[in-house]
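The [4Fe-4S] cluster binding site annotation in Swiss-Prot covers Cys36, Cys172, Cys175, Cys181 and rests on similarity to another entry. Residues or ranges marked as Mn(2+) binding site by Swiss-Prot on the basis of similarity to another entry: Asp83, Glu92.
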Amino acid sequence: MSSTDVVEEYVQDERDPSRSPNVPITGLMVQYYHVCKRELWFMANGIDIDRETTNIQRGTHVDETSYGTSRRSFMIDNRIQLDILDSGDVMEVKVSSALEKPARMQLLFYLWYLREIHDIDKDGVLAYPTERKRESVVLDETTTAEVESTVRGVLDVVGRDSPPQLEKKPYCGTCLYQDLCWM
């Protein structure tokens with residue numbers, strides 16, 4: 001089966017209510033794929049982190065207290081939580097732009113998912129309220145190819161029997177999985 005077929009099969013499984021995908025991909029999985037593939041593997045294999053840590057609580061607080069009156073939250077297919085602005089754009093809120101590509105890819109995945117699975121075309125806004133920064137995000141031919149490459153990558157990583165090779169990254173020291181990697 002070619003890699004294109006993997007994405008097509010994923011889309012078919014998602015669109016057909018009588019089928020479900022082998023791997024129900026979430027936005028967080030897409031983000032982890034672009035941050036650290038080991039982190040993705042751990043999370044996808046049931047090795048989850050403590051959601052009460054300071055960094056996660058800070059992110060939750062920024063998300064919950066920003067743009068409150070101009071957006072509504074929706075849960076799509078019991079796994080993808082979207083915020084829709086009054087303008088109709090999909091919004092993703094992050095504390096910092098330090099990991100901009102993973103955040104952007106997460107939002108692009110949401111836009112791709114809406115278009116491919118639900119035939120809904122939307123544009124996006126990536127917001128960093130603590131930095132007073134916003135970026136428009138559009139799903140086009142190039143970004144669609146990036147998302148589909150990411151979907152292939154996520155399916156590959158999650159399907160492995162063991163985590164990907166250890167790779168030292170600048171943010172390993174603040175990663176909640178660091179004890180699993182560096183003990």
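Cβ atoms are placed via backbone N, Cα and C, with glycine included.
Fair warning: this is a prediction, and the values are worked out from it, not measured in the lab.
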Where Asp83 (Mn(2+) binding site) falls in three-state DSSP terms: strand
Any further residue of that chain within 8 Å (Cβ to the Cβ centroid of Cys36, Cys172, Cys175, Cys181) of the recorded [4Fe-4S] cluster site: Arg38, Glu39, Lys169, Tyr171, Tyr177, Gln178, Trp182
Around the Cβ of Cys36 ([4Fe-4S] cluster binding site), the count of other Cβ atoms that are within 10 Å: 22
Which same-chain residues, if any, lie at least 6 apart from Cys175 ([4Fe-4S] cluster binding site) yet have Cβ under 8 Å of it: Cys36, Glu39, Cys181
Cα separation, Cys172 ([4Fe-4S] cluster binding site) to Asp83 (Mn(2+) binding site) (Å, whole number): 29
Secondary structure at Glu92 (Mn(2+) binding site), reduced by DSSP to three states: strand
Fewest-neighbour residue among binding-site residues, criterion Cβ within 10 Å, set Asp83, Glu92: Asp83
Protein Cβ atoms within 10 Å of Cys172 ([4Fe-4S] cluster binding site), excluding its own: 16
